[in-house]
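Per Swiss-Prot, these features apply:
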- Cys413-Cys1066: disulfide bond (DISULFID)
- 17-20: region 'Furin-like endopeptidase recognition region' (REGION)
- 1026-1032: region '4C4.1 epitope' (REGION)
- 1196-1199: region 'Furin-like endopeptidase recognition region' (REGION)
- 458-489: repeat 'ANK 1' (REPEAT)
- 490-521: repeat 'ANK 2' (REPEAT)
- 559-589: repeat 'ANK 4' (REPEAT)
- 593-622: repeat 'ANK 5' (REPEAT)
- 695-723: repeat 'ANK 8' (REPEAT)
- 729-758: repeat 'ANK 9' (REPEAT)
- 762-791: repeat 'ANK 10' (REPEAT)
- 862-891: repeat 'ANK 13' (REPEAT)
- 928-957: repeat 'ANK 15' (REPEAT)
- 1035-1064: repeat 'ANK 18' (REPEAT)
- 1068-1097: repeat 'ANK 19' (REPEAT)
- 1101-1131: repeat 'ANK 20' (REPEAT)
- 1-20: signal peptide (SIGNAL)
Amino acid sequence: MIFVGETMERANHSLVRLRREGEELTLDEKAEICSELELQQKYVDIASNIIGDLSSLPMVGKIVGTIAAAAMTVTHVASGRLDIEQTLLGCSDLPFDQIKEVLEKRFNEVDRKLESHSAALEEITKLVEKSISAVEKTRKQMNKRFDEVMKSIQDAKVSPIVSKINNFARYFDTEKERIRGLKLNDYILKLEEPNGILLHFKESRTPKDDSLQAPLFSIIQEGYAVPKSIDDESAFKVLYALLYGTQTYISVMFFLLEQYSFLANHYYEKGDLEKYDEYFNSLNNVFLDFKSSLVGTGTSNNEGLIDKVLQVLMTFKNSEFLGLGKNGVDEMLNEKINLFNKIKEEIESKQRMTMSETPENFAQISFDKDITTPIGDWRDGREVRYAVQYASETLFSKIGHWSDPVSVREKACPTLRMPVDQTRRNVLVFRKFDNSKPQLVGEITPYLSNFIDIDRDLYNAASNPDSAVGFKEFTKLNYDGANIRATFDQGRTIFHAVAKSGNDKILFGLTFLVKSTELNQPDKKGYTPIHVAADSGNAGIVNLLIQRGVSINSKTYHFLQTPLHLAAQRGFVNTFQRLMESSEININERDKDGFTPLHYAVRGGERILEAFMNQIGIDVNAKSNKGLTPFHLAIIKNDWQVASTLLRNKKVDINAVDENNMTALHYAAILGYLETTKQLINLKEINANVVSSPGLLSALHYAILYKHDDVASFLLRSSNVNVNLKALGGITPLHLAVMQGRKQVLSLMFNIGVNIEQQTDEKYTPLHLAAMSKYPELIQILLDQDSNFEAKTNSGATPLHLATFKGKSQAALILLNNEVNWRDTDENGQMPIHGAATTGLLDVAQAIISIDATVLDIEDKNSDTPLNLAAQNSHIDAVKYFIDQGADINTRNKNGHAPLLAFSKKGNLDMVKYLFDKNANVYIADNNGMNFFYYAVRNGHLNIIKYAMSEKDKFEWSNIDNNRRDECPKEECAISHFAVCDAVQFDKIEIVKFFIGTLGNFNICGPLHQAARYGHLHIVKYLVEEEVLSVDGSKTDTPLCYASENGHLAVVQYLVSNGAKVNHDCANGMTAIDKAITKNHLQVVQFLAANGVDFRRKNSRGATPFLTAVAENAFDIAEYLIREKRQDININEQNVDKETALHLAVYYKNLQMIKLLVKYGIDVTIRNAYDKTVLDIATDAKFSNIVKYLKKNSGKFRREYKSSYGEHSFLQTNEISRFIDGKSIEHDHPQFINADNESSQLFSGTASKIDVIGTLLLIDVLIRYFSKQGYISKESDSASDGITQAAALSITEKFEDVLNSLPNKSAKEQVDLADVHGKVYAALKSGRNSQIHQILCSSLKSISTLKPEDMEKLVSVIMNSHSSLSMPEATDSANEAYGETLHLFGESCRHSEDYISQKFSTNPFSFESEKKIQKISI
């Protein structure tokens, strides 16, 4: 992990490096440092930002482009205020030469990539560029953190392996960057070095010790990258290294493909087909080798690296401890899995980079055409050879061997005969005369066997600069059948060739043979013949093409240039005039970056500009996308003649601004063009004081910033230049001159009377800036001008303050020699002596104390003395000097920090010894009670600990320490207690081993408990396995309690696997699972649940784990227990206050929990000790949303509960296996369900509309009574709550079935099923079984359509249908009473409950006499 403290330490180190006087840093070094200081606006990615802008100047060219790019840096420097701190530290002092070097490298790279690719390499190039961008994007992001991962890996086994990955990746990046900027010849030499980088990178896939493959597979095979728990920090870091290394491995493959593709293409363009074949072959071999190692061969026993990495990622993703994506890791895993799957798919989809087969040359050559020599390249005595190459849509073979030479004798353009390719591939044919450059002469399509070598000669004739010869040869070849539509290099046709050569005779003849659309055919880069003619200055060809109606404004593919753009940049006036004769021409047409042809004409020169300026409709102030006008470009090009030509048009705006509000004058000043600057200043309309945006920098500011003293001096002397103009932040040219050390400019400023006390917005004067700068000699120059050395900034700092706090020793001494005030304090109450102590300027401190020793122990507002500041910043010489001078060695600031604490924290044993010898107070502590010993423990400095314990006459760790009394409130604790606790808490295992293993302090602090609390598994293992401590410990809270409470799953797993008791009491009457639940650690709960937890055990609050989960609002845990542990919990259980989980959920207004509980069937009618249902509580508390939900959903819970639990699986337990779920009448007598059934016609006229099902339900209750198909068995005196709940639920569900079957669909809504269930449950639970039929009957009566007088008729029918009903154990008296009871049952739905009670009281089988009837129940 990367900690804030480490980041700050790096930043401080960077400041020190920047502040060192006289040390020059490279661009990359300075960029890195400024980035660490978070000052990256000026340097981080500055080169790439500039390159991004370069695309806006495609017409300027390489050399001028470099200059223009330098100008574009202004937009990045001026993108915000010029920060004084950054500027003086060097983060704004642009190293212009270094930037140009970076640009030159990038230009060289771009030039190489712009070279044309052979058709065979185009697809490969696309694949490489597409894939490498995806890999490199994330790899570069990972690269930034990999150093931190490296530093933090301490595992002795893993560290060397990861180090190999790091070393290889660094070497790869360095070499790749080093060669990218080489010029073409140097680049090729570097790539072709024997045993060079290409060979080394190819071997990265071998198992050699210094390869990349070896450490990656070692990590995978040893399982180092699979975390064992969410706390397995080491495995996380190794996983990071594995992913970074694998992406580097993939990048190496694509880098090699890119380089071999480049080399193959280079030699193809040169015509060296042997070299082309060599690298083309290497290209394929590299791909196949790496493909095999990355994705395997497709067999199960030969998986590739990507497959193995994906397995690691999936193992991690599917691990139990990761949970449901709630640890912030899931997103990263998915991202990496998707990336590697995408790369794998991309690689697997490409079987090969080239065809495996090298074509044989079966060509038989015969000269059948009557074409005599000499013509074209055909000359008697020359030797001609042919070679072929197979081509499919995306794959190409190598070029085969050259045929035997054939001598040319009198005839040209032979016929080549070869067999038809059986696989139907195209065949490319190459030709070479003697040792000249080979040429592609044509392509044989499938099914053809004859090829006449004549089309290339026609193309060459059209390309011949000798028009007469070319026309003659073209005429002959055309007559003999050459194809005028054949295409060759880069998709160019004969029309392109003619346009380039300017042979108007050929073109004139062609115009009669082809359509005008063919004259518009673009090549692969979008150049049409008129583009080529314009770019070549062939005005006659342009004129012919215009007459044939070609598109005059067509654009190239990349830069979107029109023919007019190309003619303009070449300066072809006649061509320009021919183009302008077209009525369709758009003179202000813009290219990709917004440049018009007039912009391009700046490069074309004075004559073409004059031609433009005379045109009607020309926009002389047209702006590019970046806001540059042609006048801007003329000044950037430093071509005053061109600028003067533009100025002849009075409409030219010389003060036009670009997107950064910069005028041409700004650019002249930036680039140091003195003569151009003079010309501009002398223009009457010039505004010399325009400022850029948002930096508000004028031309004078920029001239000084870029150190062009001659330009700056000229501008200072100019009357129309404001020399005191303030940029953003109040920075004037004078301030900049000091910051940049421009002595000549400063001298001139003094001479012209510039105010030397100018202040920035923060009240920095030039003297303040000189004191902080790397130009200390300027201080004396300013003092000689009577500069105020006591001036203060907004923070109260004098120049001497700034010199000392910025570490500028020479500047501080100069100021002291001029008797400045060394006792002035700033807003922090600090004097210059504090600054000298902070930055370690010993000579300055000595100079101040030699003048005034009273400052030795003076405190600032934080109570820091010079000694304390020197100690905190590890300036050892200064510390010793201050102590020797009598400084208080035990000085403490407001936070209690003291010198001894500072050096102990940083692990400086020598200084700790020194302070011991100087009798420092070894028990001194800061405001947090931390003494030197604790700091040594927490930071892992075992050497200091051992030294301190050896100095028993000075330090005794058994002493009571009251500074940390609040951490040990019940007893007096010694230093040893806190030290051992700290060692365990801060994961310092070597110190733990020393304290416990070496010194034998097993009982101090309860180390095993502490290790479990903080999740330090390796310390837990050490204590259990090596020191044999009991896994259950000796305290009330066991180690398992601590680990569970803090969610350390790996520790919990280890302790349980080693015998820890999962149901052991913790503090407060809780167990480990209670502790885990209170902190919502689902994974720990799941593990404990699977390892013997007693879910019925109640804690001191009378709550089981389930009630605890609800009380703690641990929704995921509650849901898990209900869903996965329903066999072990009772959803309706109550605590000591008779509150169910639903009561608790309502108390906490947890609607999500309420919905969960209702969904799974909790009883909403249960009352607590205060006789309140959940609805009562919600209503009283005015929880309107909960009340609304409970009222709406309380009747639906049983159906959902049943669907969730199946057919009441809980009824299958041994406890309730005696329950008999009897069949209902509904199932035994389907004739009563369907009103259309024949049997149901018995009721026609009388009961056609009655609710038969409702009555059947009531009869079912009665029949169960007499047949003993009871809802609850009475074998035991009292049914368990679970059985009673099941019976009540079953009865209520059957009643719900009745309601669902009624024709009146609103019937269900009219009955409160929750109320029905509650009453039934209460009746069964209390033994008042007689009330059940009354409850059901009463509920049904309000919605029944049954006429009372028809009830007995219906009962009699039901009676008959039950004739076969068996009542095996019913007594005779019970059977005898059956008929009368049916009648009474009907009466019970007609009369009051009093009537029913009266009737039943006289019945021999009344429920008052229920006890007489054994084993009969409702």
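Cβ atoms are placed via backbone N, Cα and C, with glycine included.
On a predicted model such as this, the values are computed, not experimentally measured, just so you know.
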Three-state composition of the repeat 'ANK 8' (695-723), taking helix and strand from DSSP: 16 helix, 0 strand, 13 coil
Intrachain neighbours beyond the repeat 'ANK 19' (1068-1097), with Cβ under 8 angstroms and 6 or more residues off its ends: 230, 320-321, 323, 1038, 1040-1049, 1052-1053, 1056, 1062, 1104-1106, 1108-1109, 1112, 1114, 1116-1117, 1120-1121, 1124-1125, 1128-1129
DSSP-derived helix, strand and coil totals, residue by residue, for the region '4C4.1 epitope' (1026-1032): 1 helix, 0 strand, 6 coil
Long-range neighbours of the repeat 'ANK 18' (1035-1064), counting only residues six or more past its ends (CB under 8 A): 228-232, 321, 1006, 1008-1017, 1020-1021, 1024, 1070-1073, 1075-1076, 1078-1079, 1081, 1083-1084, 1087-1088, 1091-1094, 1097
Same-chain residue ranges lying at least 6 outside the repeat 'ANK 5' (593-622) that approach it to Cβ under 8 Å: 55-61, 64, 559, 562, 564-573, 576-577, 580, 587, 628-631, 633-634, 637, 639, 641-642, 645-646, 648-649, 651-653, 656
For the repeat 'ANK 4' (559-589), distant same-chain residues with Cβ under 8 A (at least six beyond the ends): 58-59, 528, 530-531, 533-535, 537-539, 542-543, 546, 552-553, 595-598, 600-601, 603-605, 607-608, 611-612, 615, 617-619, 622
Summary of DSSP states over the repeat 'ANK 10' (762-791), given as helix, strand and coil counts: 15 helix, 0 strand, 15 coil
Tertiary contacts of the repeat 'ANK 9' (729-758) (same chain, 6+ residues out, Cβ under 8 Å): 81-84, 87-88, 93, 698, 700-701, 704-705, 707, 709, 712-713, 716-717, 723, 764-766, 769-770, 773-775, 777-778, 781-782, 785-788, 791
Residues from the same chain, set at least six apart from the ends of the repeat 'ANK 2' (490-521), whose C-beta lies under 8 A from its own: 116, 458-465, 467, 470-471, 474-475, 484, 527-530, 532-533, 536, 538, 540-541, 544-545, 548-551, 554
DSSP three-state assignment (helix, strand or coil) for Cys1066 (disulfide bond): coil
